[in-house]
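If you look up TrEMBL, you'll see 9, 12, 28, 32 marked as Zn(2+) binding site.
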Ligand SMILES: [Zn+2]
């Protein structure tokens, strides 16, 4: 009853064991987690900027 589930790190595609001691899952490391969060944040800012442009047009 100890089947280990593996997931792929969204950032670098490394296989990561889904274990409670892996604090950064599904990422392989804190570094990859921060990279992914950074990309999400910059993408989010782009969407907000586009929304602001539409507000100016109106
Ligand atoms: Zn990674």
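Quick reminder: no glycine exception, Cβ is built from N, Cα and C everywhere.
Neighbour counts of Cβ atoms within 10 Å were compared across the binding-site residues 12, 28, 32; the minimum falls on 12. Look at residue 32 (Zn(2+) binding site): DSSP puts it in a helix. In the three-state DSSP assignment, the secondary structure recorded for residue 12 (Zn(2+) binding site) is coil.
Within 8 Å of the centroid defined by the CB atoms of 9, 12, 28, 32, the record's Zn(2+) site, lie the Cβ atoms of 10, 11, 13, 14, 16, 27, 29, 31, excluding the listed residues themselves.
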